[in-house]
């Protein structure tokens, strides 16, 4: 069984299932769920911008990303939390378990289209543009290549399992965590 003050990060690209998994983990283990995407969306709404507009705005205003990151790091210090966000694994230095979810872009586009009520083609284009913008922004701001998965403890292609199947895999990993494991040591570079 995992240690007290458990900290888990769940990262992945749009439509990979990070929110679904994070909610399941939080509910099952009684953890708080901190969602970087929601923080980002709330900030966009506060500025009266669409997500796409705010994405472009954030490229020119690094304080946006830094505020999202600061909130994630603060939540991790409190413990008993699942932190969901593309950079959560990079930002939370000593997470007990760092998870990356992936799926082919077509599968992710289908999921996003269903969730947002748009065509698969439109979702595909939005995802591709957003990922290009994010990758550039993370490289410029932190020197992080979002495609570098070397810091993650568990990488899952969510197109191969149902959400329940993905959770079962992650639950097994959490339930068998070594309480004196590496806690992310040596695997990651310093950020910010």
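Using the three backbone atoms N, Cα and C, a Cβ is placed for every residue, glycine included.
The annotation ATP binding site is assigned in Swiss-Prot to 12, 13, 14, 15, 16, 17, 18, 19, 20 on the grounds of similarity to another entry.
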Ask   = For residue 20 (ATP binding site), what is the tally of other C-beta atoms lying within 10 angstroms of its C-beta?
value = 17
Ask   = Can you count the other CB atoms that lie within 10 A of the CB of residue 18 (ATP binding site)?
value = 26
Residues satisfying Cβ distance under 8 Å from residue 14 (ATP binding site), sequence separation of at least 6 = 108, 112, 127, 130, 131
Query = Using an 8 Å cut-off from the Cβ centroid of 12, 13, 14, 15, 16, 17, 18, 19, 20, can you name the remaining same-chain residues around the ATP site, in sequence order?
reply = 21, 101, 103, 108, 111, 158
